[in-house]
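K.L.:
Submitted below is the structure of interest, expressed as C-alpha cells.
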Amino acid sequence: MSKPKVHHYEYDVVIVGAGGAGMRAAIEAGPHAKTAVISKLFPTRSHTGAAQGGMAAALGNVEEDSWEWHTFDTVKGGDYLVDQDAAEILAKESVQAVIDLENMGLPFNRTPDGKIDQRRFGGHTRDHGKAPVRRSCYAADRTGHMILQTLYQNCVKLGIEFYNEFYVLDLVMTKVDGEERPSAVVAYELATGELHVFQGKSIIFATGGFGKIFKTTSNAHTLTGDGVGIIWRKGLPLEDMEFYQFHPTGLAGLGILLSEAARGEGGILRNSTGERFMERYAPTIKDLAPRDMVARAMANEVREGRGAGPNKDYVLLDLTHLPPEVIDEKLPDITEFARTYLGVEPYTEPVPVFPTAHYAMGGIPTNVQAEVLRDNDTVVPGLYAAGECACVSVHGANRLGTNSLLDINVFGKRAGAAAVEYAKTAKHVPVPANAADEVISMIEKVRKSKGTEKVAVLRKELQDTMDKNAQVYRTEESLNEALDKIAELRERYENISVQDKGQRFNTDLLEAIELGFLLDLAEVLALTSRERRESRGAHLREDFLARDDEKFMVHSMAYLTDKPAKKPGDNIKVGWKPVIVTNYQPMERKY
Ligand SMILES: Cc1cc2nc3c(=O)[nH]c(=O)nc-3n(C[C@H](O)[C@H](O)[C@H](O)COP(=O)(O)OP(=O)(O)OC[C@H]3O[C@@H](n4cnc5c(N)ncnc54)[C@H](O)[C@@H]3O)c2cc1C
C-alpha cells in the first residue's frame, strides 16, 4: 500500500479542538496571530453544545453575591484539592466572561427588569455555606448549545480558519538545545485519509473529556480523550486522573443527563419510601449538596435497599410539585428526554435516576496561564491546554455544577492570549521531514492487521470493568481487577482488525485508534485511584473511608515510563504535587 499523501502548513497558533475552550481561545488569538483550529467534529457538534444547566458567575443580579463566596464554594466543593490561586481567578474573571458572551450575542434568560437571570446549583452558596445562592447564568436548559453557537458565529465573523473532521493523532516534539519542544501536530483527514502536519509556534490542546472509558455516561460517543492520550504518550504527566465525577441524575439505565438545574429549580430526590433522603446527608442545602455527596448518598440508598423500581436499583427525581409552566420554560429539553427515553411524564410522575460518569477533574497539568507543565512546575514553552482536557486545577476532587462552562471561557481566553503573546517573539521550532511517520505506522498497523479481535467488543469489556470496579465505590481489590482486565485488553488490542480497509470516511479505523487512547487513560485512572489511599471528593475508597490531609492533600502526577511492566500499571510512575492554598485551610466538609 502506498504511503498516504502528507500536506504541510505553517501557523502562529494551532488550536486542537473546537468546543467551548478551543473556540474561546481562537477568538482571542485569531485577530492577532495566524490561527488554525483543527477539530475532529464539526465545531457545533462539540460536547459543549450538550451542556444544559448554566454557567456560574457572581453577578449578584437577583440576590447578593461575591467572587469571594464563589471561590470558597469552589474550594470546599473540590474537597480542598483545588489550587486556590486558580479558583480566585476563575471566580473573579467569571463576571467578565459572562459579559464577553453577552456582547457576542448570547441570548441569556432575563429577569423581568431585563438583567441576566440566575438560578441555584449544587454547592453554590451565600456567605460560606449559609444557604443556596442564585449564581448560575443560563439559557433555558440549553446553555452550552447557546455558548457553542455564539462562539462559532463569532469565529466565523473573525474569519478564523477551521479544519473540520481532521483527527489530530500526534504531537511532534523536536529537540532544541537539549530540550524537547512542541513543533507541530499531525492530523488525519476523515474524508480522504490524507495526513496534515500543522506547524505552530504555539499549540493549544482543547480536546475535551474522556467519559467513554465508562459504560454509563452522559458523555458523547466522541469523548475518547485523544488529546490527553497524545500528551500522555509523549511522556508528559497527567494530574489528578483518579478524580472522575459521577453526576447524580443520569436517566436510570441509560446515563443520559438530567441537568442539576432540575434540582436548582426545586426538584427533589426521593427513595422508594418517598423520603427526601438528602435531608439526612446534607441538612442545610439538601438536594443542592455538591455532586460527589449526592451521588454517594444515592448509591448508598440503593445499597441499603431503599432503591426504587422492580430491581430497587435507582432513586426518583420528583418534579411533580413544580408548575408545568416552570418546567416548560426552564427545563424543556431534559423533561423531553424523560418522556422520550423512559416514557415518563415529569409533570405527574417522578423520573428514575442514577449516577452517570460525567466529568474529568484531572487531565493535562497547566499553570494559570494555561501553559502545560512537564513536571510539578516546569513549563513546556509553546504548549497550552484548556477546558476539560486540562487540570489547572480549579475543580480539585469534585467540580461544582456550572463551573466547567465557566472554566472553558476563562481559561480558553487565557490560553488564547498567552499563545499569542508567546508567538509574538518565538520562532518556529523545526519540524523533522518524517514528522508524520509515527501516525502513518499507527494507522497502517490497524489497517493491515488480520487479527481476530473486534474494537466494539474490547471497548464494551473496558467500559464494563470500569463501571464495575472504578465507579462511585472503589477498593484496592476492585482497582487491581480493573488493572488486570485493562492489561488483558491491551494484549488483545494488539490483535484487532477493522473491516473497512479504505481511505475515505474510515470511522472504523478511527474508532480503533480512539480505543487505544481510552485504554491508556483508563489505566492511568485505575492506577492513580489505587495509589490514593484515602477518600476525597469524587474518589471514594471503601477501604480508606476518611480524607487524609496529612498524606494526601496533594495532586497526583502520573508519568508513563519505559520500564517494562511486570505487573499491570508498573510502567506508570506516580508523583505528588503540593496544593496551592491561599485563604482556606481544609475543614470538615458539611453542608
Ligand atoms: C450532557 C452534559 C451536560 C453538561 N452540562 C453542563 C452545565 O450545565 N454547566 C457546566 O458548567 N458544564 C456542563 N457540562 C460539562 C461541560 O459541558 C464540558 O466540560 C465542557 O463543555 C467541555 O468543553 P471543551 O471545550 O473542553 O470540550 P468539548 O466541548 O468536548 O470539545 C472538544 C473538542 O475537541 C475536538 N477533538 C477531540 N479530539 C480531537 C482530535 N483527536 N483531533 C481533533 N479534534 C479533537 C472535538 O472535535 C471538539 O471540538 C456538561 C457536560 C455534559 C456531557
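Glycine too: its Cβ is placed from the backbone N, Cα and C atoms.
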K.L.:
When you get a sec, could you say which of 332-359, 472-499, 556-583 is annotated coiled coil by TrEMBL?
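P.N.:
Within the set 332-359, 472-499, 556-583, TrEMBL attaches coiled coil to 472-499.
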K.L.:
Taking the Cβ of Ala21 (FAD binding site) as the centre, how many other Cβ atoms fall within a 10 Å radius?
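P.N.:
Within a 10 Å radius of the Cβ of Ala21 (FAD binding site) lie 35 other Cβ atoms.
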K.L.:
Quick check on the recorded positions: of Arg45, His47, Arg291, whose CB has the lowest count of neighbouring CB atoms inside 10 Å?
P.N.:
Arg45
K.L.:
Within a 10 Å radius around the Cβ, which one of these binding-site residues has the most neighbouring Cβ atoms: Gly17, Gly49, Gly53?
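P.N.:
The most densely surrounded of these binding-site residues is Gly17.
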K.L.:
Run through the Cβ atoms and count how many others sit within 10 Å of the one on Leu41 (FAD binding site).
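P.N.:
Taking all protein chains shown, Leu41 (FAD binding site) has 20 Cβ neighbours within 10 Å.
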K.L.:
Is it possible to get the count of other C-beta atoms within 10 angstroms of the C-beta of Ser404 (FAD binding site)?
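P.N.:
So the Cβ neighbour count for Ser404 (FAD binding site) comes to 27.
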K.L.:
Out of Gly17, Arg45, Gly49, Arg291, which recorded positions lie by ligand 1, with a C-beta less than 6 Å from some atom of it?
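P.N.:
So the answer is Gly17.
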K.L.:
Any idea what DSSP makes of Arg45 (FAD binding site), helix, strand or coil?
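P.N.:
SS state of Arg45 (FAD binding site) = helix.
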